[in-house]
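Below is one structure, written out as structure tokens; comments come after it.
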Amino acid sequence: VVGLVAPAGVSVIFGAFIFGIGMQLGGGCASGTLFTVGGGNARMLVTLAFFICGSLIATHHVDWWFALPSLPPISIVQSFGVGPALGLSLCLFALIALLTQTLEKRRYGSLEAPVASQHQGWRRLMRGPWPLVWGAVALALLNFATLALAGRPWGITSAFALWGAKVASGLGVDVGSWVFWQGAANAKALAAPVWQDITSVMDIGIVLGALLAAGLAGRFAPNLRIPTRSLVAAVIGGLLLGYGSRLAYGCNIGAYFSGIASGSLHGWLWLVAAFIGNGVGVRLRPWFFAEERTSQGLTGC
């Protein structure tokens, strides 16, 4: 089993920052884009298409970005041991949770109530929404299964770059001459059929799973009427998501979730930069979504 440990530098900061903006404009992260596409959201098909385009474009530039100043790959697991690294991570998460609750109570007076469901037991399991604890346990189990079957933590966005490269190659673009696609693993993936790429198979599984869940819940109802500004936001957001994820060695799954689980310092750096980017994205949203325009500007905590 190999963890996702990557350098922490300029490319991660910039990539995660624009990825955060892209999440707000595009309407979701990488996994969010996939499951909403599967759930029947037509607008997110646009986000996904330009997510793939942005990923492909980034592979043409990453050698320049990766040459910028950065720290070498640092794993706190290797530096301090499993126990201390786990304890440090849990303390940081507890601090983040405490700070978040304090700020939310200060601003709104109380914490947001969990989403209620009219279903219980198995019906809730099949039709949702799930309690947060159920989702957390499911994510942990699925990441463990990924480790066992794939030999590495969960990742999503590398498949988008591969899909874009496959399409570009089919259109006559010599992507194989790009530095990114000359690496041993990337060259092998480019030459092999898509169904032999583990990440691609898992991504397709997310879409099919969301389609099944939406069908079981009676919520599959695609709407092709997309406002122009919302469509523009999906295009811009998708490009930022794709470009940023390649620069930052992944998205909130590959870089943040799996990065921190691997003890990688770049996962924490990703968190900070993406959080700031999300804040910028929130302030940009009223330009594209009429329902979010107010007479007073958005304010931060």
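Cβ atoms are placed via backbone N, Cα and C, with glycine included.
Automated prediction, rather than curation, is the source of TrEMBL annotations.
Summarising the annotation, TrEMBL assigns transmembrane segment to 12-37 (among others).
Summarising the annotation, TrEMBL assigns transmembrane segment to 44-62 (among others).
If you look up TrEMBL, you'll see 74-99 (among others) marked as transmembrane segment. Sequence-distant contacts of the transmembrane segment (74-99) (same chain, six or more residues past either end, CB-CB distance under 8 Å): 3, 5, 8, 260, 262-266, 268.
What TrEMBL lists as transmembrane segment is 132-150 (among others).
The transmembrane segment annotation in TrEMBL covers 198-218 (among others). Same-chain residues lying 6 or more positions outside the transmembrane segment (198-218) and placing a CB less than 8 Å from one of its CB atoms are 31, 34-40, 126-128, 146, 149-150, 154-156, 158-160, 162-163.
Outside the transmembrane segment (230-249), and at least 6 residues removed from its termini, the chain residues within Cβ reach (under 8 Å) are 4, 6-7, 11-12, 14-27, 29-30, 33, 43-44, 46-59, 62, 65, 157, 160-161, 164, 255, 259, 266, 270, 273, 277, 285, 288-289. According to TrEMBL, the transmembrane segment annotation covers 230-249 (among others).
Summarising the annotation, TrEMBL assigns transmembrane segment to 255-276 (among others).
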| note | For the transmembrane segment (255-276), out of 12-37, 44-62, 132-150, most C-beta pairs under 8 A are with 12-37
| request: Report, as numbers and ranges, every residue of the chain located at least six residues beyond the transmembrane segment (132-150) whose Cβ falls under 8 Å of a Cβ in that stretch; write 'none' if there are none. | output: 1, 114, 125, 198, 202, 257-258, 261
| field | Distant-in-sequence neighbours of the transmembrane segment (44-62), which means Cβ under 8 A and at least six residues beyond its ends | value | 11, 26-28, 30, 33-34, 36-37, 157, 160-161, 163-165, 167-168, 175, 178-181, 226, 231, 234-247
| query | Mind checking which residues reach the transmembrane segment (12-37)? Cβ under 8 Å, same chain, six or more beyond either end. | reply | 6, 43-45, 47-48, 50-51, 65, 70, 156-157, 160, 203, 206-207, 209-210, 233-234, 236-249, 251-255, 266, 269-282, 284-285, 288
